[in-house]
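Asks: Sharing a structure with you now.
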C-alpha cells in the first residue's frame, strides 16, 4: 500500500511544495501512531510503559527526596523546632527578612484586599517614603503564600514560618524534577535524570542559595524557569506528536508568565533564551513557525505582566520586548527564496543585521517615550565592572566588592572538578558544539537535514533541542565567568547537559564517527558506554559524597546570636511605637521583620532613592563631624541610631573593600589611584568618637542601650551644647 501511494505524494509535492510538507508530516505522524497497536508486540508496549512509569516515578521521587533533605538540613542547621519565634526570624538575613516581613503583614491584615492595599500604598516601612512594595519587591510569592495559608486552613495545623519555607522547599523539589525531565528528554533515558540530580545535590554550594537565603526571589522563580526549559526542550523535538506539542506549549506559556511575575530580573534570562532561539532559527536548524510561537509567548507574558505588575515600565523597556518586536518585523520583511542559493545566504546575513539594528533602535525609542528609572544603577555597575568607567562612588564600589559580583575563584573550578562535573561537561559541550558547527556549514552549503536522524548517523548536532541548549549554556557560562553570582543559574544546566551527554548513545556515536572506529562495532560500543560511564560516575559519587551528605544531616548545628536577640527584645519593650531607626541596611531589614518598627533604609538595590539613603546612612562609619551625621539622620526623621561594632571595627580580608574604606575613598580621605591627593579629615571616625561620650557628640546623641555588638543612641531633638 505504501509503495503504491508513493508516486501521487511526490506529484503533490511538486505542485504545492509549501502546504504539502506540513500535510505530509501530519499524515506520517498519524500513520506512525495508528499501526503501533497492530504491529508492536505486547511485550514492547509493556517495556515502553514500564520505562516511562519508572522514569516518572524516579523524577517525582528525586524531587520529593531533595525537598525532604532541604527540610532536614535546615532543621539541623538552625534548630527551628526548639527556637522561639524571634530567634527563628533572626535567621532571615538582609533582603530575605524584608520579604518574609511582608508575608507576616499579609497574615495580620483583616482581609486579603486590605493587606494588598497596605502593601501597594506602604508608608510604614521606610520613613518619609510611600512605596508600592508589591511592584518594587515582586511580592507575588508572599501574596500567594498568604492566600494558601489561610484558604487551606493551615493556620490551625502549622505555624506560618514552616508553611512558608515548606512551599519554597517544595518548589526546589519541582526544580530538581524539571532538570531530571529535561535531561531525560534529551538523552532518552531516565538514568541521565538520576545523574543530573546527583550532581545538582553534590554541587549545591554552586547550584543554589536556598541554604542561606530561603525567601530570595530566585528561589521562587528558577523552578518555573526550569519547567519552562523542560517544556521548551520537548517542544523543539522534531519527533513530537501533536498532543505532546500542545501540552509542551501550554506548560511553556504558563511557566514563562509565572517566572516573569516571580522575579524582576526574569526578562533578562528570557532575553538570553530568545537570543538562543534566534540563532537556532537563523541557521535554519528548526522550523521558523515553532520558534515564532515561542516569541508570541514572550509578548503575551510581557504585556500581561505589565498590566498585572501595576504597569511596570521595566517590562516595556526590556531588551526582550525590543528583540521579539524586531524579530516579528524582520519576519514580515523576509522574502521567500530558494534555500541554499546565494541570494538566500545574503538575505540571511541581511536579516541578522536587520534584527540587531531594529532591536537597538526599538529599545532606544522605548526608553525615550516610556518614563522609567529601573536598573539605571545596573548599567553604571556594568560600566565600572568592565573598566569602561572609573568611579569613587560608594555604592558602585561596594557592589564591586561583593563576592557574588566578582569573577569566579579557583575554588569554584576546583569543586566542580572534584565532583567530576566540569571535565564531563567540557567533553559533552565540545562534541555537541563541533557537531552543531557541522550542521551549520551543511545548511550554509544548501544541504537539507535528514527528517529522522538515526543512531548510526552519529549527528547529534542535527537535533534542534541540543543546539538550543548548547547556545544557551555558552551564553550563561560566558556571563558566569564574569559575575560569579550567575553560577546559580548556569551550574544546574551544566549538571543537566553533562548528564545528558554521558548517557546519550548519539553523543558517543558522534565521537566514534569522527574517530572512524572500526575495531569494535561503534553502535554496540556507544550503547555500552552510555550505560557504563554514568554507572561508574554514579558509584564513585555515591562512595565519595554520600557519607558527607549523611554526616551533614547527623550533625546538629546551632545558629546562636544572643546580641541581636537582646537588641530586638529591647526595641520591642522600650522603643516608642512611632520610633524610626537608622543603621546598616542589613540590620534594618531584621528590625523591620522582628519588631515592625519603621526604618530609614532597606537592603534593596533596585531603587536609586534607597541606594542613596543607604550611602548616606553608612556615613556613620565615616570620618564626618557629629553635626553632619545629625543633619543626615534628622533629614530622614530618624529617632534612634544603631552602631554595629562589627562594621566599625571591621578587619576584612581585602583592604579597600571594608565599608569604612569605601566611605573614605568616596569622601576623599584615602588614596584611591595614583595621582589622587590624600586629604586628612579633622574629625575622627564617627562610630568610634560617639562611644567616648564627649562634646559635641553627647550634644546630639544619647546612648540608651548597648551590648557587645550594638550601641543604640537616641537622636536628641533639643540640642544642649556643653563646654
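The backbone N, Cα and C atoms fix where each Cβ goes, glycine too.
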Asks: According to Swiss-Prot, which listed range is transmembrane segment: 121-139, 140-158, 292-310, 387-405?
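Replies: Of the candidate stretches, Swiss-Prot labels 292-310 as transmembrane segment.
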Asks: If Swiss-Prot is the reference, give me the range from 10-30, 31-51, 52-72 marked as transmembrane segment.
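Replies: It is 52-72 that Swiss-Prot annotates as transmembrane segment.
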Asks: Take the C-beta pairs under 8 A between the transmembrane segment (316-337) and each of 161-178, 222-240, 260-280, 349-370, 421-441. Which stretch has the highest count?
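Replies: It is 349-370 that shares the most Cβ pairs under 8 Å with the transmembrane segment (316-337).
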Asks: Who are the chain neighbours of the transmembrane segment (161-178) in space, where the CB to CB distance is under 8 Å and they lie at least 6 residues beyond its ends?
Replies: 59-60, 62-64, 66-67, 70-71, 74, 80, 85, 88-89, 100, 103, 145, 148-149, 154, 197, 200-201, 208, 210, 214-215, 219-220, 222-223, 226-227, 229-230, 492
Asks: Taking 3+ C-beta pairs under 8 angstroms (sequence gap of 6 or more) as contact, is the transmembrane segment (466-486) in contact with the transmembrane segment (292-310)?
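Replies: As far as Cβ distances go (cut-off 8 Å, pairs 6 or more apart), the transmembrane segment (466-486) and the transmembrane segment (292-310) do not touch.
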Asks: Taking a Cβ cut-off under 8 Å, which residues six or more beyond the ends of the transmembrane segment (52-72) line up next to it in the same chain?
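Replies: Non-local partners: 165-166, 169-170, 172-177, 180-181, 184, 190, 193-194, 197, 201, 210-211, 549, 553.
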Asks: Under a criterion of three or more Cβ pairs within a distance under 8 Å and sequence separation of at least 6, are the transmembrane segment (489-509) and the transmembrane segment (184-202) in contact?
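Replies: Yes, these stretches are in contact.
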Asks: Do any residues, 6 or more residues outside the transmembrane segment (522-542), come within under 8 Å Cβ-to-Cβ of it, and if so which ones?
Replies: 187, 189, 191-192, 194-195, 198-199, 202, 419-420, 424, 455-456, 458, 499, 502-509, 512-513
